[in-house]
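Structure first, then comments.
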Amino acid sequence: MSVVVLKKTPAPAKHPPAQVVPLPVAAKSGQWAQKSLAWIVSSVLPPLVVLFVLLAIWQIAFSGPDAGLPTPTKVWAESSELILDPFFVYGSQDIGLGWRVLTSLERVAYGFGLAAVAGVLMGAVIGQSALMMRGFDPIFQVLRTVPPLAWLPISLAAFMDSRPSAIFVIFITAIWPIIINTAAGVRAIPQDYRNVAAVLRLNQIEFFWKIMVPSAAPYIFSGLRIGVGLSWLAIVAAEMLTGGVGIGFFIWDAWNSSRLTDIIVALIYIGVTGFVLDRLVGWIGSVVSRGTAS
Amino acid sequence: MTMAPTKYLHIDRISKTFTNGSKVTEVLQDIRLTIDKGEFVSIIGHSGCGKSTLLNLIAGLTDVTTGALKLEGREVNAPGPERAVVFQNHSLLPWLTVYDNVKLAVSKVFSGTKTRAERHDWIMQNLDLVQMIHAADKRPGEISGGMRQRVGIARALSMEPKVLLLDEPFGALDALTRAHLQDAVMDIHARLGNTMIMITHDVDEAVLLADRIVMMTNGPAATIGEVLEVAIPRPRDRIALASHPDYVRAREAVLRFLYERHRFVEAAE
């Protein structure tokens, strides 16, 4: 493959040491093209191959006359419209999957946004004190394991409405890893930074913004990343029960009207959106906490 | 220094005990020391003798158990920028550039007294003092250990401290870099006339830099064993000093203290 070729070409070890040969400038663009080609070969090709193989196995496995699930070709034949046009609007309940994902994302934005702010603040307070940590941590560790849907009945009882209930379920699902990770990050702030803050007499707010947030950023963002993943898990499940126009309710609706191929398309949408959310938070984290580790 | 000796920093019968559960360890006992304005004092002792604890007490980062600490007649019991510390491992914030690290200190200390432009000039002036202007936009991870320590010194100096505390600042550096930084510190001391207290375990460093060398006995319950005046005139030059009789005598005195009278016994506890 081209990777191997790349490694073999620059091998001028036998030249006399004093001879410096300047590289032609034009070679740069060629190198760039070669590099991006190598990247495609090494990073994009393998998942595509695996995907193709899996689709082929799926096609063969469910080609029989009495197969329970549709094959990929059948999914394409019956539901390709959902894939090709995500943003159609035919009526208040008949809208493209793109709109449905956006509706669900809006709920996630509210719930997760609240959880992020509250979680980081609570984590900061709890992480600052060993006593608070000892008091709160076991409780968080227990609450953390409660599945998102188990909160839903309580939430419905408290809010009497499905919309805030769904948001609350996301909030309560996402907040625990954010609190726990932030607290761990705050506890891990080196004593040296605390000493610097003490000598400078930074007050609580200055300490929070100038020392705590940057220093704990890697921890905070790994909490946020887990939290956003859980939020997305929770919203799909919650919408199945609360209704509305979200992607979760779409699946439930499709199941009730036996549109299995639509469900499969919706699953792909959910998976891709979850992946993008995860990468987005991860990317923001790596930008924000650049330089923190060194 | 030709200034009339005043009781600038007064350490009055300080002791420090650490309590861990039921186990009480006395680290320092009955420390008495008076330091004049503009004086350079080195504190030397074997590792574990509590010299860093003593520095933390002066900085206010640790509370004294008994005794009192007075700076210009006022009692010290909390950390503050008038007793700036150059930390052992530089303690720069890795997410800030060199400039911003100094700026953090300057904007906190001079927020009410200097304008934005004056603060910028002051930051640059301090970076210039340690010859680090060229790296102002670099992060601590991108510069060498010696450079980081220079920035640490600039940050501490930028607070315009009454007393500059240096906690084994060059301990982790190689010998050549250390020599450069020692010269830089001597130069700064000559120019600004700061009061400086430096913890060290390097005999040559102590003799080269200090007006007085405070020698600590071994812990636990360490105290000041001896204080040696180093009457070598400044400016001091390390090459000329190597054979200077006063230098040789001072060096020998410290070595005798450390290796004859207060030999370090491993795991003495």
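Just so you know, glycine gets a Cβ as well, placed from its N, Cα and C.
Feature annotation from TrEMBL assigns domain 'ABC transmembrane type-1' to A:101-281. Per TrEMBL, transmembrane segment is recorded for A:37-61, A:108-127, A:139-160, A:166-186, A:207-226, A:232-252, A:264-284.
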Stretch with greatest number of CB pairs under 8 Å, the transmembrane segment (A:264-284) reference, A:108-127, A:166-186, A:232-252 candidates: A:232-252
Stretch of maximal Cβ-Cβ contact with the transmembrane segment (A:166-186) [cut-off: under 8 Å; candidates A:139-160, A:207-226, A:232-252]: A:207-226
Cβ-based contact of the transmembrane segment (A:232-252) with the transmembrane segment (A:139-160), 3 or more pairs under 8 Å: yes
Distant-in-sequence neighbours of the transmembrane segment (A:139-160), which means Cβ under 8 A and at least six residues beyond its ends: 168-170, 172-173, 176-177, 179-180, 230, 233-234, 237-238, 241-242
